[in-house]
Each structure stands twice: as C-alpha cells, then as structure tokens.
C-alpha cells in the first residue's frame, strides 16, 4: 500500500499543468523513495507548447529498482511501445491519475507497483495533423541516472524561417509604434518631450550658460539645457503639459528638447556658445532619419520573405543542397485526379475507333496478370494525336475511369522552369510516384513542348534544359520493369515535330489518331451533351439535322454549340431550346455575332448586297451543273463581329466527304470570285475591297491545286514543297539541291492563269443573269436578310452559260490563250 501511495503522490505531482518550457521546468524532479520493497514508478511528462512553437518538450524520470522488477517493467514497457493509438497511458489530468493509483493500491504489494509502472511507461500519443505526424522520439538513458529534458524539432527549416520572419515583423512594428519600450537585454529609451519657446528665451539661456547642446538647421534651432537646469524646468507648467501625453512608465528616463525659430535678420550667437563651451552642430541630412531607416528595414524584411518563398533549397535535416520544388511538390504540376465525377467511355462519343484501341489498355490495367503470365509485354506508351478539341484529354480520363486506377496528369510545359535541372528531376519524381501507386496512368498533355526533334529542323537554338528533360523521359520510359503496370499516355496535335526516339516502339508503342467525328459521331456527341445538361428540346429539333449542319466540328465545338443554343434560348426567355436557336448558334460559330447598331448605309449597302447576290447566283449555277452540291440557303448584309459585312450561308453536304474532285474545286473557285464579278458588272469596273477574304481563299485553293494536288497539266503530279525542300529526308538534308526558282515562277504563272480564268467565268455567269442580280440585290438591300423558300424562288431562274460548263469540265482553252498572251 505504501508503494501505491508513493506512486499516486508522484502522479499527482506530475499532473501539474505545464505552460511553457521555462528554465525552472528543465530541472529534473526530486526522487521519491518507495516504501514497499524498493519498487519504483517511471513517470513521463509531455508538455506540448502552444501552436506556433516548433519544439516538443519531453521529460522522463528513471529510478532504480530491483533487477527482477526492472526486467518485468522493461518487458511490459516494450509491449506498451509497440501498441497502437488505443493503448492506455498516463495523462496529465489529476483525476485520472488518482483513480489509476487508487486501483493499483487496492491490488496491493509489488504487483500494484508493477502495474502502475506499466501504465505510466506508455508514451502519450501526440495529436495528428494534416501535415503529418510529429516525430516524437524516445531515448532510453542508460545507467539509471537522473531524467533529462529531450528537445525534438517537429517543424521544417522553411517553417522556422517564416516564424523568425513573423517575429521580425512584430519587433519592427513594436519599435515603430512604441519606441519607448525596451527590448529584452537593452536599456529603455528615454522619453523625449519637445517644448517650443521664443527665440529670446534661447538667447537668455545662452547668456546664463544654461545650454548644454545646440543643433542648428537654418533658422530652426533645437537645444537642451544642462542637467541641473533641466531638472528645474521639469516643474514648469508648460513642460508638464507636454509630458502628460507620454505614458509615465516607472524607471524610464525623460528628457526635454526645446525648439525655437531664429529671425532671419538676427545672427546665431556662435561666439557666445564657444565661450560657454556649448556643443553645437547641424543635423546629418545624408540619412533620412527615422522614416528612411524604417523603409530600409522594411525592404530587408520583404527581401528575406521573397527569398524564403522562392528558394528551392531545403533547410531540413536532410541534404543541405537538396533541390526541391518551391511549391512543395517534387513532381511539379503533376497531380492525382481525385474528382468524384469519374469519366468513362460512356461519356466519350464520336471516336469509336480510338476507344477500341484503348480497350486493351483498360483490360491490362484491370487484370495485368492475365497478360504477364503469358509473357506478353503491355504497351508502355500510347500517343494520342489529333486536332485541338477532338477529345484527347477526355479519352485519357476515360481510360483512367474505366480501369479505376490513379490518374497522374501534368503538362509538358511544367517540367521546364527557371532552375536548371528541375525538368529531369521532376520527370524522375513523376515516374517514381507512378511506380509506387502502380497500376497507374501518367498523362502528359502537349508532350511536344519538351519532346521536339533534336535534329535542328524544329528548333532555332539549342536548349540544353529541354534536351536533358527529354533524355530523362526517354530513359524512364525505356527503363520500366515488365510488371510495373504503369502506362504513359501522351497527347499532341503536332506529331510530326516529335523526336523519333520517343515515337519508336518500346516507348510509345501505339499511336492512336483522334480525328474529327463524322456525322453519326457528331450526332452521338450532341446526344451526350444534351443528356448531360438535361436540355429541354423543342419538337422541331432533330439532332441528326444539326449534325449534318456541323461538318468539320470537333467535340469541343459541338459542346460549345449546345451551350450557345441554350444561352440564346435563355436570352429570349424560352422554356425550351428550338431549332432556330441551334441554327443561330451554328451561324455564330461560323461567321460571328450580328452587330445590332453597325448598319450599312447608302452606296456601301447597295454594293454589299450585290456582292452577296453574286455569290448566290454563281453558286446556284455551279450547283445546277454538279449534282449533289449544296445550295445557298441564306443571304444577309448585317455586319458581323468577325469583320464580314455580308454573309452567304451554304450548308455542307448531307454526307461526309473526304475527297474533292477537280470539277468541284473549279466550281468553288468560280463561286468565291462571284462577288467580285458582280461588283465589276454593277459598278462598271469600280470595284471595292470587300472581296479581300474571297481572293485570299481562292488563291490558297488554286495554289494547292497546282503545287500540291497535281491538278494542273503544265506542272503535272508534283509536290512543289517536297521538291523545293529536297525530298522528305528525316535529317533535313538536301540530297540534290533546292534551286528551283524556275519551277516557282511556273507555279505562280499557272496559279494566276487559273484565278483569272475563274474570274472571267464568274463574269459570264453574272452577265447571263441580270434580272436576278438586280431584283434580288434590291430586295436584299431593302430587307437585309433573305432565306428559305423566298430565296429559292428568286434563284430558280438562274442559268449557267457554256463558259461555266467548259471551265468546270477542265477545258483549258482560255488558260492556254492567257499563257500565250503573256
């Protein structure tokens, strides 16, 4: 019972609250002898300092005990150390310790002491935090000596730097606001009282030899009296009124500084001051005083803060020169997708072929043993190539969602930053993280940012940092284990600029082309977006018709189209989204937004109306000759945000087309130049600059027909670009020269002749339909819009002259005449 009482007394003494690790607490507690057979209690006190301090204080007291009892205690203590968070431990609250001691006392004898020792030897569990568990460490002090305080740092050096920075700000603010308060270990500053007196009092004090020190600044004079005189001056009423505003701190000296202003016509009594041995001088204006010093100190504080924020060196107990990311992430912008909105293949439509290519990847990630046991090597990398907006990133997310594995995504531009060597280090960290969480997926978006070819064709100057990053990426991709279960997905829209070493089998084994969707794919994409948004559609909306109107649209374009249609319907306060909303959204995507206030007037309005009618007349004549060609459905002379003053809408064909025949190309050339031809006919040769975009597009089409498509008889089936570059040599060399000046001149002459022939044919078509040109032009000028059946009623009387028929069928008579004339 005596032993239990001693243990209870010791625990009660240990339950005193510990506020801070002061010097008095660092002394070990005195020993307490046990009254029952020499058995003793081991007590551990944990003092957790307030939040913000970076140390944990641990005191342990080890007392002597008999060998047998000591062995039992050590065995039980080891078991307590190995137990989890739910183990019993002695607390610093007095009631719990007293209850435990009382229970031990009832058991009696040595067993009670041993039980108490076992419970008390269990270390307290520190509270967990989001930054990780504090590193509490226990050290056994051999020899049974007196217990010691153990100090363990639980914060990193960077956090300690910020704590010191905050302390510096606090001291700076304290010195600025309360300069009279002394810092620890320094003498308190004397409180200064400034008293303004007349200049006559200053002269009288000089004559009486009462002045100790004078500071002259032009006509402004500050002076202090001698100590015995200053003591008497403290009792004057004007001085007491000046000192009432200053805090009266005990033990803080005060001083009085008198100020006065010297009249400009009176000299300063320097001779009298020299005679009375008065210290005098002028202020040093090279230093800006208190404000300048404060600004300098503030600049230093801000500079230290910036350095601590951006410095990539860790001040922790690890390597002093170890580089790490300033954002506390070794992998740069790499992040694991933890979104609850999981993307699957059901959310991806219009790219069925790409889905099939990626299904095997998904199956491998779900069941890798199925392939590994057969000796099959899974694809180490899959490169997704396609136009912007076709869904490359969405496909990668769908692969991760189907396989239910960690999806680590990053952008290739995040690898290379300011610090040299950071790119390669981040690549290593990224792949190490992926291997640790395998099976997993690494997705590198816009991989061409760091993987451009190193042969000099696609770079202007050398960039060693990017080359190091690329080399590390090549090494990591080629250094996978066969069972690592980590797959790399890369996305780019510039596969031609990638380094050949990256595209070879063994790194990116598969290249999946993600193309723009066809008509059925566009319809599927529209259904997905409509169902996701739960869009209320009108009865006149047929998504197959919308898909037919949007030839060439990508998945991102279609998503934006659905959103624009919903916005237009909401702008009109509609309850449902109608077909007209989708049509307006398509026109906004193609031609821009109609301007409500910028209206054409006068002669410009008439010219633009005839220009658009010229396109419609020539396009209708071409459609009459070529079956299956779409017809003009809408004319408008309302200016749009894209810079177009007029708009001629010709919908795409009802079926997807992948080839363009020579007669269709010639028909498009004539249609593009129909507006310019109408201006020449109506204005008698006084044309405008309104055909700028038409001429640009027609020139591009004619050049490709001559120089790339091989549709010209004089040039023949030759690719002029390949011929001028010296072939398709991968190294960029020129095996047989690039001096092809005569060929370039010939191409230019052929392009010019083709465009001139198309313009002459367009003039013939416009002159053959004067009634439609004038009548429809005047009607469009008045109404600003013509569409639908009303437009078709005007265009049904358009005729196609024989010149158009000859030109579309490839007759070269006019072209040859132009060449002979030149």
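Using the three backbone atoms N, Cα and C, a Cβ is placed for every residue, glycine included.
Under the three-state DSSP scheme, residue 612 (active site) falls in the helix class. Counting only same-chain residues six or more apart in sequence, the Cβ atoms lying under 8 angstroms from the Cβ of residue 612 (active site) belong to 635, 636, 637, 646, 647, 648, 675, 780. Under the heading active site, Swiss-Prot lists 612.
The Cβ of residue 387 (ATP binding site) lies under 8 Å from the Cβ of 493, 514, 515, 516, 554, each of which sits 6+ residues away along the same chain. Secondary structure at residue 387 (ATP binding site), taken from DSSP and collapsed to helix, strand or coil, is coil. The ATP binding site annotation in Swiss-Prot covers 386, 387, 388, 389, 390, 391, 392, 393 and is backed by sequence analysis.
Its Cβ taken as reference, residue 615 (Zn(2+) binding site) is surrounded by 26 other Cβ atoms within 10 Å in the chains shown. If you look up Swiss-Prot, you'll see 611, 615, 694 marked as Zn(2+) binding site.
According to Swiss-Prot, the compositional bias 'Low complexity' annotation covers 1-34 (among others).
Residues or ranges marked as compositional bias 'Low complexity' in Swiss-Prot: 80-94 (among others).
Marked as compositional bias 'Low complexity' by Swiss-Prot: 101-122 (among others).
Annotated region 'Disordered' per Swiss-Prot: 1-44 (among others), in sequence order.
Residues or ranges marked as region 'Disordered' in Swiss-Prot: 67-136 (among others).
Swiss-Prot lists 1-70 with the feature transit peptide, giving sequence analysis as the kind of evidence.
For residue 611 (Zn(2+) binding site), the same-chain residues 6+ apart in sequence whose C-beta sits under 8 angstroms from its C-beta are 646, 675, 676, 678, 679, 688, 690, 691. Recorded residues residue 615 (Zn(2+) binding site) and residue 388 (ATP binding site) have their alpha carbons 31 Å apart, per Cα-Cα distance. The binding-site residues considered are 388, 391; of these, 388 has the fewest other C-beta atoms within 10 angstroms of its C-beta. Taking the centroid of the Cβ atoms of 386, 387, 388, 389, 390, 391, 392, 393 as the ATP site, the other same-chain residues with Cβ within 8 Å of it are 384, 491, 493, 514, 554, 555, 556. The two recorded residues residue 386 (ATP binding site) and residue 694 (Zn(2+) binding site) have their Cα atoms spaced 29 Å from each other. Each of the binding-site residues 390, 393 was scored by the other Cβ atoms within 10 Å of its Cβ; the lowest score goes to 393. You'll find the Cα of residue 389 (ATP binding site) roughly 27 Å from the Cα of residue 694 (Zn(2+) binding site). When Cβ neighbours within 10 Å are tallied across all protein chains shown, the highest count among the binding-site residues 386, 389 belongs to 386.
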